[in-house]
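Below is one structure; the comments refer to it alone.
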Amino acid sequence: MQELSVRHLLGIKDITPQDIQLIFETADNFKDVLNRPIKKVPSLRDITIANVFFENSTRTRLSFELAEKRLSADTINFSSSGSSVKKGETLLDTVNNILAMKVDMIVMRHSSPGAPHFLSKHIPANIVNAGDGTHEHPTQALLDSFSIRERLGEVAGKRVVIIGDILHSRVALSNIFALQKQGAEVMVCGPITLLPKYIQQLGVKVETDVRKALEWCDVANVLRIQLERQQMKYFPSLREYTLYYGIDKKMLDSLNKEIVLMHPGPINRGVELSSDAADSHHSIILNQVENGVAIRMAVLYLLAQRG
Amino acid sequence: MQKRLIVNHQLLDIMVMRLCHQLIESHGDFSDSVILGLQPRGKYVAQRIQRTLASILGKQVPTGLLDTTFHRDDFRRRDTPITANATKIDFLVEGKNVILVDDVLYTGRSVRAALDAMIAYGRPASVELLVLVDRLYTRHLPIQPTYVGRKVNSLLSQRVLVEWKGEQAEEDAIWLITKTDE
């Protein structure tokens, strides 16, 4: 008889290692459900969930929507483009109007860090953070760890390097918290301009040579360069970035061990990852997407249980 | 808390043996029949029935485990959360005679959830229910067992507990537990 220690999933920082284990164990059962002929359970049939997306998304939004439908929840979708946000409505007003339609849970993505935390102080519904600016993306970190656990048996004791635009990445921060809570060693790797200044204080190793990073690790989680968040130039050109930090199959094959290659998507093929690397046997990128639905089902189910 | 022994291990052996013979009477060589134990506690009964049938028939009857957690109708209405268990069914339910197995039949809600959960694996030819203990006059739903070990008249405040040797108990036994104000 276990339940989550939190009512909202705002970030990995706020949850306990026991919460992570409970989510994984529940996700194991949902993954089993997803492999049946009938992929649906009636657990959340009396619950309405609003997917409120103030920022673009493909995978996360589809994955959440599918998870909700597999749990038999009623869903409504909101995206800020084409809505009254453009007419000047505040975040709290927008969400309160959605809640007035008797919605039980909010899945929110927002470009401002802390937006879901602010909301959680003002509204009664359970909130799931689907990404807030450059801050956290908890369900992505959970599905990443879940995929590592599935491939390597466990996360504890494993060496994981996160490569790329760490400065603008919410996936990186959530992954650092999640991996450390499960006892993994974490390294970040990228051009010095794309590494946050005080990142060592989180207890992670820092490396600027991608070759050394790959030789050190069991798992490499490669991130995209987030050009849309970059207000200034952090490196001379994408071509130069690829030359120094791009990973290809030749490089992976030349390592004297097998490593697991991950990417949260969307991939910029030919920039951070070459096509032959992304499609190689090292890659578990599509397993990550598959596991995303099971993890999100587990999170929604366990939060609904908290009420 | 008062604990009264209602079935000891010798009686439980006889009871399981009788239930197995009743099953053989209606299912013959079990060529089209499968057993599904309801998680969590029906698992032990199903395993015991499978072992006993194997000793009589000389063959293993296909036995699976069915978890009903996600199909329960008391989600968000319970005070204590329920943890999901594994469903493990390595055979097709389609066209089979299914014997659902649980330890205690009380309100009938778990069995309703089990019927719901089972349909995800196919359309069975028929479904029967086997329970070790049938608590009389406590049903919330029109569900009756096909095979019963023991009928027990109990108060709503009481609880029936089936214990298995090796599963945190020294002997197989069925207990009637009465809560008392301490």
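Note: Cβ is positioned from N, Cα and C throughout, glycine not excepted.
Bear in mind that TrEMBL entries carry predicted annotations, made automatically and left uncurated.
Quick caveat, the model's predicted, so the values are computed rather than measured.
According to TrEMBL, the protein has these features:
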- A:7-150: domain 'Aspartate/ornithine carbamoyltransferase carbamoyl-P binding' (DOMAIN)
- A:R59, A:T60, A:R109, A:H137, A:Q140, A:G265, A:P266: carbamoyl phosphate binding site (BINDING)
- A:K87, A:R170, A:R224: L-aspartate binding site (BINDING)
- A:157-303: domain 'Aspartate/ornithine carbamoyltransferase Asp/Orn-binding' (DOMAIN)
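The two recorded residues, A:G265 (carbamoyl phosphate binding site) and A:R224 (L-aspartate binding site), have Cα atoms 7 Å apart.
All chains included, 25 other C-beta atoms sit within 10 angstroms of the C-beta of A:Q140 (carbamoyl phosphate binding site). Neighbour density at the Cβ, taken as the number of other Cβ atoms within 10 Å, is lowest among the binding-site residues A:K87, A:R170, A:R224 for A:K87. Taken residue by residue, the domain 'Aspartate/ornithine carbamoyltransferase carbamoyl-P binding' (A:7-150) breaks down under DSSP into 65 helix, 27 strand, 52 coil.
Every protein chain shown contributes to the tally, and the Cβ of A:G265 (carbamoyl phosphate binding site) ends up with 16 other Cβ atoms within 10 Å. The secondary structure of A:R170 (L-aspartate binding site), as reduced to three states from DSSP, is helical. The Cβ of A:R59 (carbamoyl phosphate binding site) has 14 other Cβ atoms within 10 Å, all protein chains considered. In sequence order, A:R109, A:A130, A:G131, A:H137, A:T139, A:Q140, A:G292 make up the list of same-chain residues 6 or more apart from A:T60 (carbamoyl phosphate binding site) whose Cβ falls under 8 Å from its Cβ.
Calculated from their C-alpha atoms, the gap between A:R170 (L-aspartate binding site) and A:P266 (carbamoyl phosphate binding site) amounts to 14 Å. Close to the recorded carbamoyl phosphate site, the chain also has A:S57, A:T58, A:S63, A:A130, A:G131, A:V171, A:P264: residues not among A:R59, A:T60, A:R109, A:H137, A:Q140, A:G265, A:P266 whose Cβ is within 8 Å of the site's Cβ mean position. On the backbone, the CA of A:P266 (carbamoyl phosphate binding site) and the CA of A:R224 (L-aspartate binding site) stand 7 Å apart.
Spacing of A:R224 (L-aspartate binding site) relative to A:R59 (carbamoyl phosphate binding site) is 14 Å (Cα to Cα, whole number).
Summarised as a single figure, the pLDDT of the domain 'Aspartate/ornithine carbamoyltransferase Asp/Orn-binding' (A:157-303) averages 94.
Of the residues the record lists as binding carbamoyl phosphate, namely A:R59, A:T60, A:R109, A:H137, A:Q140, A:G265, A:P266, the two whose Cα atoms sit farthest apart are 16 Å from each other. Residues in the domain 'Aspartate/ornithine carbamoyltransferase Asp/Orn-binding' (A:157-303) partition by DSSP class (helix H, G, I; strand E, B; coil) as 66 helix, 24 strand, 57 coil.
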